[in-house]
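Copied over from TrEMBL, here are the features:
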DOMAIN    9-113  domain 'Beta-hexosaminidase bacterial type N-terminal'
DOMAIN    136-479  domain 'Glycoside hydrolase family 20 catalytic'
COMPBIAS  196-214  compositional bias 'Basic and acidic residues'
REGION    196-215  region 'Disordered'
ACT_SITE  Glu314  active site, proton donor
Amino acid sequence: MSFSTLPLVTPAPQHFAAGEGECRLHRQMAVHTSDPSLQALAGFVAHSLALAPEGSAAAPALYLALDAALPGPEHYHLLITPQQLTLSGGGVPGVFYALQTLLQLLPPAVSRQGLPERGDCAVACASFRDGPALGWRGMHLDCSRHFFPRDFILRYLDLLALHKLNRFHWHLSDDQGWRFPSRRFPRLTEVGARRERTVQGHTSNPDRRYREQPHGGYYSEDDIRAVVEYAAQRQIAVIPELDIPGHAAALLAAYPEYACGPRADGEPYQVETHFGIFPDVLCPKEETFHFLQQLLEEVVALFPGDYVHIGGDEVVKTAWRNCPHCQQLIRDQDLRDEDGLHGYFVARVAGILEGLGKKVLGWDEVMDGDVSRDTTIMCWNSNAGERALQAGYPVVMCPVDRVYFDFYQSTSLDEPAAIHGLTPLRRVYDYHPATPAGESGRLLGAQGNIWTEYLATPEAVSYAALPRLCALAESLWRGEGRQWPDFCRRLPALTSRLRQLGYRVADSHCKPLLTLDERRDGKLRVKVASDVPGVITRYTLDGAAPDAASPACTDWLPIEQECLLRATGQTPDGTLYGDERQQLAPHLGLHKTVYRWREEGLQQAPELALLTNGCRGNGRIFHYHEWAVCAEELADIVVDLEQPQVLTTLRFNLEAGAHRRLARPAAIEVLGSSEDQQWQTLAHVDGATLPADGAVQLDLGALRLRYLRLRLDNSRRYYSPETRQLERMPLYLDELVLT
C-alpha cells in the first residue's frame, strides 16, 4: 500500500486497496441488515445519510453485517463497488467505524445534512480493512474550571466519533465548580456550581486581576442522559470524574462538615476563583464515606459505563497532618503516614464503587498510597506509566508533556493565552504509548486531556483540540505504521472538513519553531522551521515582518550581532502563518559557565546555562523552559568569563511580554572580580525603581573582569491563593548579556 495513494481519511486505515469505477450514493438507497444487533445502527446510518424512509431497491444498496472472522469488535471491512456498499465489523463498533470512514470519503456537507436532496455523491470503489492498535482511545474535557453547555458536549462527541475515539472522560468537579446534579445533596449545585468571580490573566501573576462576574452552571439529569445516549450511539463510553479527596473546594463550600475542620485562615470554604492546587480536602471520617456512598449511588444511576474516575491527584495533606482524627486513623490502621491515609481513602471509595458494580480509575498519585492492583491508573506525571505497569496496575497513558492540549501549540506571538507548556502537533503525533517488556497486556491505551483554566469558550476548546486530537487519534489507531509526511498530506483536507463542520481549527503546525544549536562553542546559530513538509520558513533579522519575498531558512543561521529574528511559515498556496520572534544576542558571556555562589566555593549549576545561550526572553510568550528560575531568598549567580574582559554593561529581562507577568526582586546587586574573586560592587538597584517592562541595563564602568556576580534579593512576599498566606515567588531571568 503506497501512502501517496491513501484516501484522505484520518486515522489512516491499516489496509487499503483501490478498486475500479465509482459508487454513486443517493437518498433513495436502502439499508439492509439481517442481524438484530445492527438494527439500531442501521437507523443511525439512514439518519446520518438522510436516506428516504422507504429506500428503493435501486442500486446501490448499503449492507451492514457482522463478521466473526475479523480480529476484534472494533475491526471493520468497508467494501465499495458500483452496485453496493458493505460495512462489516467484528462487532457493532466496527460497523460504526466503517461508516465513519465512508463519511470522510464524502463531502463535509453530507456529515451536516446527509446526502443531497437532488443528485448524488460519487465515491471511488475501494476496500478498507482496518482496526485499532489500542483499545482505549480517549479524550478528556474539564467542565469545572469553565462550564460548557450540553450542545457543545454533543459536538465534542461528534469529533471523537469522527476520529474513531471511544472514551469520553468528563471532568465534572474541581475547586472552581461542581457540575453533577444531586437530588440528595442539592447544595452541591446551589452553592458549589457558581463562583463569584474569576482571576484574569495567569493565576500565577503577582498582580492578579479579576473578572467581577459570576461563572457557573451544572448539568441536569436529562443533560447527562442525553450525553450518555448520544455517546453510546457513537460507540463512546462516558467516564465521569468527581475529583476527591483533593480539588474539593466547591464540594466543601456546599458541605463544609466533610472537611477536617475550618479553613486554616479562618475564612469560610468557597468555590475557588483562582486556579492551582489548594489545601481543601475531604476528611476520611465515617460521615464522609456515608456521604460519598449516597452521592456515588446517584452517579452510578446516571452513568451505565464500566468506570467511575475518582481523581485522587494533587492532594495537599496539610489538613490531614493537623487533624487529630486523621492522625489517630493513621495509627489505628497502621498506615505509616498521610500517603498511607491517601491510599486508605481511595480504597474506601473504591470499595463503594465496586459494591455498585463499577471499576475505579484514579490519577497516578493514588499509587503513593499503594492502592489495590484492581485500580486503573491514569498516568500523567513523568515515568508514572512505567512505574504503574511494573507494579501490576492496568494503565491509561496521558503524559503531561505529550497529550495535554491546553498547552501552547507553538511559540508564535499570535497564539492565544494558555496555561504553560508546549505540545506542537508533531510532538503529539510522535507519541505512542511504550510498555516495558512483558507489560503490554496491562496497557489499556491512552487519551488526550483538555483542562480549561484558560479556555473559557467552546471556540477556545476547539482551537486547543484541533488538529492535535486528530494526530493523537491516528497514533492510537494506526500505531507504529503511521507516517508523519502522509498525515501532513491529508491534513489540509481534514482541517478544511473540520472548519466546514463548524469547528475552530488551529494553524499552529504551519508556524515555524526556533531551534538553538546546543554546541556551546562560542558561536550562536539558530534554525527556524515548521515540522510540516512543504512549508517554507521566511525570516528577517532586522525586526521587520517577513513576507513572501523574505529569505527562506534552509540551514543553521549564524548570528554575529544582536538582532531581532522574525519568522513566518509560508504554505504552498502562499499563505503566511505565525509571528515567531526571538531577540538574539552574541555577547562576551556567550556559552560561558554559570555557577551558584556559595561560601564554600562556586557550585555547578547546569540549569543556569540558559543565562548564556544567546536567546533573550523579552517580546515573547513566556515559556518556563526558556527562563532560568531562582527560587531561593537570595539568588547569587556567578558568570565565569574564563579570562579577564573589559565589561561596560549588563542587560537582562525580568518580564517576557505576552500572557504572563513575573515577580520582581526587592533589590539587585552586581559585583565583579578579577582572578582572585575579591568582589567589588559595580551596581545596586532598588526593586521599586525597575522599569515597567522589566528590561534591566546596568553600567559596569568599563572594568576588566573575569567573574561577574549577580545577587537578586527575593525577599518580597506575595499573597498566595493556594497556600492562603504570604509566600515568595520564583524569579525568572532570560539572558545575562555582557558587552
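Any Cβ shown, glycine's included, is placed from N, Cα and C.
TrEMBL does not curate its annotations; it predicts them automatically.
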Sequence-distant neighbours of Glu314 (active site, proton donor) in its chain (C-beta under 8 A, six or more apart): Gly246, His247, Ile277, Trp363, Glu365
Average model confidence [pLDDT] within the domain 'Glycoside hydrolase family 20 catalytic' (136-479): 97
DSSP-derived helix, strand and coil totals, residue by residue, for the domain 'Beta-hexosaminidase bacterial type N-terminal' (9-113): 34 helix, 30 strand, 41 coil
Secondary structure tally of the compositional bias 'Basic and acidic residues' (196-214) (DSSP, helix then strand then coil): 0 helix, 6 strand, 13 coil
